[in-house]
Structure formats: C-alpha cells, structure tokens
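> First, the structure itself, so that you have it in front of you.
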Amino acid sequence: MYYSIIGVLASIILLIENQDILFGRGQAYTKRPWNIYRRFLIAVFLYYLTDVFWGVIEERKIPPLLFADTSVYFIAMAAGVLLWTQYIVAYLDEKTKLVGFFVQAGRMIAVLVTVITLVNLFQPILFRVDENGVYYPLSFRHVLLFLQIGLVVTLSVYAFSTILRRGPDMNFRKGKRYRTLGLFGMIMAGCLLGQLFFPYLPFYAVGYMLGTCLLRAIIISDEKEEFRIRLENAYEAVKGSNAVYSRISQALAHGYMDLVYVNLDTEEYTEYRQGQKRNGMMEVHRGHNFYEEFREKVNKFVYPEDRAEFLRIMEPQRLIERMGRNGTMAHTCRLVDNVGPQYVDVRVTHMEDQDNVIVIGVTDIDEQMQQRRVIERIKEEQTAYARLKVLMGGYLCIYIVDPVHGYYREYSTTEAFQSLKLSKYGMNFFDTTHDLAYSFVHPEDLNRFLALFSKEHILAEIEKDGMFTLSYRMLIEDRIVYVQTKAAMVDEPEGKRLIVGIGDVDAQVRREAQYAEHLAQAKSEAMQDALTGVKNKHAYLEAEKNLNHRIDDGSSPAFAVVILDLNDLKKVNDEQGHQAGDQYLRDACRIICNVFKKSPVYRIGGDEFAVIAQNDDYQNIDALMEVMNVHNAEAVKNGGIVIACGMSRFDHDSSVAAVNGRADQLMYENKRILKEQQSGMQMPSGENREAGSEEPRENGENESKKTEEQ
C-alpha cells in the first residue's frame, strides 16, 4: 500500500502544476510541441494510475488484477517514452535524418513493448504472477527497459549536443531549455535503471515527478515569461493609440464605419468607430475575449439569413486559410437596420509588421448595392428583349397566343413547316397542340412533350425564369429534325401575349454531338499511353488532382499508391534493340495489369508504372503485393521480367504526393534488394524485406540508383 503513495502524490502534483496545459484553451499551448507534451502528460498520468493500482493490488495479492495492471503498466511506460521522443523532436525543431531515426526508434520500441506484452498473455517472457499474487520479472523486461534507457539517454545527449552545434545562434534562454530537456531525459534514464533492479520500488514514478516538475519550473515558466513579455509588448502596441491609429488611418480608415484591431494570440482587441462628424476614427471599446464577444455581436446585429455563413468564414483557422498569400479577405453581408437590411463589406487584413495581428474593417456599401440592383434589373430587361428578338430569326414557325382565352394565330412560318398542314389560327392553342403532337413529335419524345407543353407549366416556367424552353425531335418530310420551342410573355396594347417559337436546331445539335464525340475520343487518346495501352502520366496527374480535391474537402476514399519500376530495361535495349525493349515494356505492363485487375494502371515514366488501388484491390492490397513478390522471386530465379515495387496507404496525408513519395521510397529499396538477388550477392541481415514494407530510405541513394537504372 505504501508503494502507491508516491503515485498518488505524483498524480496530484501533475494535475496542480499542469492544469493550464491539460485543460487550458488559450493560444499559449496550441503549437505542436505543446500539443505533444499535453499528450505526454496524459500518458504520464495514466502511468501514475497503473502504478497506484499496482501497489494496492499487489498488497491485496489478487493475481488476475495484478497481471492485467502490470500489462497496462508496461504499455503506459512505452507510450510515455514514445511521446517524450516526439516532444523532444518537435521542440528542437530540426529536420535531419537522425531526428527521423529517433521517431522511428520510439515507435518501434512502443510496438515491441505492446507485442511482447500481448505474447506474455500466453507465454510468460516479460513477467509472471503466481497463484499467490507474487510478481516475478522475467528476462524480456530487462531487454525492454534497457532499450528505453538507451533511447532516452541518446535523446538527452542529442539535446545537449544541439547547444554546441548551433553555436552563436543559441541564446541563453534556449540553451537553458535544451539543457533542461537533456537533464529530464537523464533523470528518466536513471530512474528506469533503478526500476530495472528494484521492481518493488516506484523509481520511475519518482523520475516522472522530478522531470515534469523540473520542466515546469524552467522551460514552461521561462516560455510563459517570454509569452507574457510578448503580450505586454502587444498590449503596449495596441495601447500606443497614436502609432496604431496612424497605421490604420492611413491604410483603412477612409470610408470605414468600424475598425477592430485584434491580437490573434491573446484575443485582445480594440474597436474604433467613425466620429459623428466624419472627422476621424475614435476608440470606443477594448476587450480580452474577441471571438466570444464577436459571436454575440453577430447574433445581435447581422441579418438572420447571413449569420451562419459569416460566423463560418470568420472561424480562426478558416479565416487564416482564406486570407492566404495576399493577407486579406473580404465578405459582404447585411446588418439589421431600422429601415431594412443594410449591406456592408467586411474586410480582414494582416498587419504587415505583425503576423499575429489582424484589422477588421466594416464599410457601408448599401448605396452601391442599390445601384447594382438597378443595373441588374436593366440587364434583365435587356435580356428579355434579346430573347424575344431571337425568336424572330432561325425559327420554323412563330405563334402569338392569348394566354387567358387560348386564341392563337401564326405569325410566321417556313415552307418546310407548312408541309405539316397545321392550322394558322384557332382557339384552345394548348389542346390543339396536344392533339396534333401525335402526328409531328417523335414517338420517343411524345410523352415528355405532352407532360411539359401545358399552359400551367409554360406560364410557371416564364414566371420563374422569364422564358420557357423545350427541346425535342419533330418528323418533317419523313426526316427527324431536332427543334427547340421557346415561349416568352410580352406586353401589348390589348394585354399580355405569349410568343411561342419553334426553332430549327438540328444542325447545331448534330454538330455538338459530333464535337462531343471527337472531344471524348481526343481526351481518351490524350490520356492513353501509345506503347502499352494503359493510362499515361497525364491521366495519373489528373487522378491525383481529383484525389487531392477530395482530401482537401475531407471526402477522400481509402486508397493506396503502388509504384513499380522495371529492372534491366536499359540492358534489353542495349543488347537486343529498342523493339525488344518495347516488347519488354508491354509484357511487364501485362503482368502488372493481371495482378491489379480492378485498379487503373498508369505508365508515368520510361520504365515506371503507378497503380491507385481502391475498393476491392485496396482491401486485398497486401495479397496483391505478395503476388508481385512471388512473381519477382520466380523472375529472379528464371531470368524473367523483374518489377520492383513499393506500396503505401493513404493515412490522413495532406496530398497524394506524400503517399506517392513513401511508395517511391519503398520501391527503390525493393529495387536495390532485387538487384542484389539478381547479382547473386548475399543479402545483409535486416534487408530481406519484401515489397510493401514502410521504412524510410535515403534520398541520395535513391537518386543515384535511379540515374544508374536510366
């Protein structure tokens, strides 16, 4: 029971000291290193809980619970080491191969601990608990703890060495923080070592408690002090009304109703408003919680129909994305006014010298919007006149119809249309047209014509869009002719009249159909590789573009990218000629297509192919990659076509290029191994992976191999 006291004390200290990180909503801890550290603290807290329960359960000698808690204990310990590794890497912010190795090492250790813990459920290799509830550590426990100690010590040394490597660029504050990171790691390593030899003492919980307290006292306190200084400077910048007012006045003040100066880090803001005499902007309000107060004002002053969209685009992340490179964003909405809605233009701009500061300007554009509506009405009238004018030319026949009584008369007609022998005037225009439609409307279009060509439907369409349009086929002189009937309403001295025109669009429709056919054929040819018959690189880029759009809007399907590269194509070309090389390419393409039968295959280079696997092929991708492995093994043995390949799945990546890059790395690694096998070389230990494994590769090595292959 005494064992658990340390865990309880450590848990309380962690929650008290780090409540701002664990539960805070401010901007200070939103950067990536602190997001990772937050997760690290959660993992530490979970470790404390397992340690506390371990002491209680071990005291009461409950074998099943002790075994379960110890299993979780090891996984929580590994999770803490993994997250500490990620935090160190993120905090040091270095993009080196060694940093990538650290991350991969942390992941591998976490996976190894999890796997061994699961194996231990069936075969005790990590620890065991006898029927009396006595805990016995086994050999694999020492191995896992030594691995974690080695990683933590290496990270500490790396943190210390960063101070030396950065030299003059390293200021005193950063140096102190990096030394603290290294010291934290050494404390963890020392306590892990103590835990290794004294399993019944809570050394590691003590190490976590000391390390987090140390980091809190030095790094977090130091950063908070630095953050406080930045806030004070920002506040002084806002408070210095003369400087702020001068910048805003020169850039934005003229013509603005309202200006708001916002610090995105602190959410502090200052609001300026145009004076009653229009003689300049005056400060009217200061606040410390911009987004909450902003939402209240939007719900109070913005027109109800515009509120949701305005709030959506003003969300912090979306706002930054919309401002983009230009550093500005504009949106038009309506404000609630005593005399009706008032149109305003809201423009958001980054301050040129302060990336964390934006200025929101509100301009009254109600008068401009009224002028725009007048112009739009004039354009609508011009459009209606142009439509009626169009009815006078290119038509087989034009009728003028009284929409109330149904009286109609023929206005003009062509000789071809007269062959139908339709009446030139009469009553009940719509009923008469329905009766005659059986004789001149193509049978396949008849039901649609009868359903749509009614008085009620035509008048409703004109009311909605200003014109009724219906396309169908007529039978004129035993010939199928594509026609289009248009109807529009005009005011005449005797009242409203419906102008109905039947236009000959046969040549246009057939020309468009022919053009569409040629366009489809040309597009198909442009997307096809002439040699192999599969899709080409242009088609692959188009598919990649479409997938990127779906990734951006969050609707991306599950998919994997497979990159394949032929071995020995250059050798075939040199020794047997290019015709043999072309046949070699076609044969290889056929092999790829036979494996990935349900996925598009693209030839994206001279000897390089790509496959985007979805649906069934994605579900069976590991089996398909195994088919390629089997083929390559036979090809190496029998001198067949060897096709190096690498596969990577989409895993919340920002683009297809990231997935492609991983697959490309794996392909080059597979290519290297296959070449060694073809050369009869003995493969080094650890390099007998098959295609599809996801491990990093060296860029320089791949480039040299690619050059050699070409």
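For all residues, glycine too, the Cβ spot is worked out from N, Cα and C.
Sharing the record's features from TrEMBL:
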- 36-57: transmembrane segment (TRANSMEM)
- 72-92: transmembrane segment (TRANSMEM)
- 99-122: transmembrane segment (TRANSMEM)
- 142-160: transmembrane segment (TRANSMEM)
- 181-198: transmembrane segment (TRANSMEM)
- 557-683: domain 'GGDEF' (DOMAIN)
- 673-710: region 'Disordered' (REGION)
- 687-710: compositional bias 'Basic and acidic residues' (COMPBIAS)
> Under 8 Å, at least three CB pairs between the transmembrane segment (181-198) and the transmembrane segment (72-92) (pairs 6 or more apart)?
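Contact between the transmembrane segment (72-92) and the transmembrane segment (181-198): present, because at least 3 Cβ pairs are under 8 Å.
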> Grab the pLDDT values for the domain 'GGDEF' (557-683) and give me their mean, rounded.
92
> Can you name the far-off residues of the same chain, 6+ from the ends of the transmembrane segment (99-122), with a Cβ under 8 Å from a Cβ of it?
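Apart from its flanks, the transmembrane segment (99-122) reaches 71, 74-75, 77-79, 81-82, 84-86, 88-89, 92, 140, 144, 147-148, 151, 154-155, 158, 695-696.
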